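Sequence annotations record features per position, and here Swiss-Prot assigns domain 'Ubiquitin-like' to 8-76. Taken from Swiss-Prot, the feature cysteine methyl ester covers Cys116. The S-geranylgeranyl cysteine annotation in Swiss-Prot covers Cys116.
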Amino acid sequence: MAGGKEPIEVKFRLFDGTDIGPSKYDPSTTVSALKEFILARWPQDKEITPKTVNDLKLINAGRILENNRTLAESRVPVGEVPGGVITMHVVVRPPQPDKNSEKQLANSPKQNRCGCTIL
C-alpha cells in the first residue's frame, strides 16, 4: 500500500443486520468512495434501496462520517482490535417527498369527518 500504511478491513452493517464485506481498503480511501462501493454491492432483494451515495450515511463509533474525509481521518482507534474488522453501520436516508405532491396535498380541500363511533 502507498506510504507503507496497512490496509483497513471494514464491513458494512445494513439496517436489517446483514453485512456487506468485509473488504480491505487503503487508509486514503474517501468515505464517498466507500459509499460507492456499498451502492454497487447493495443486495437486490432489499425493500429499501439507495439511488445515490447521498442517500447513504455511514456511522462509525456513533459518528456520521463526512463524504470528503478519508478512512484514516474517520477512524476511531479506541476499542479497535489490531488487525480486526471495523464494523460501520449504513443508514439509508428516506426518500424526499416530491415538492409538487406536497403542494397538491396542501392545496387539497380538507374533509371534516368524525372518526368516532358512539355505541
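Here the Cβ of each residue, glycine as well, is placed from N, Cα and C on the backbone.
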Three-state composition of the domain 'Ubiquitin-like' (8-76), taking helix and strand from DSSP: 17 helix, 22 strand, 30 coil
Other CB atoms within 10 A, centred on the residue listed as 'cysteine methyl ester': 5
Three-state secondary structure, Cys116 (cysteine methyl ester) (per DSSP): coil
Confidence summary (mean pLDDT) of the domain 'Ubiquitin-like' (8-76): 89
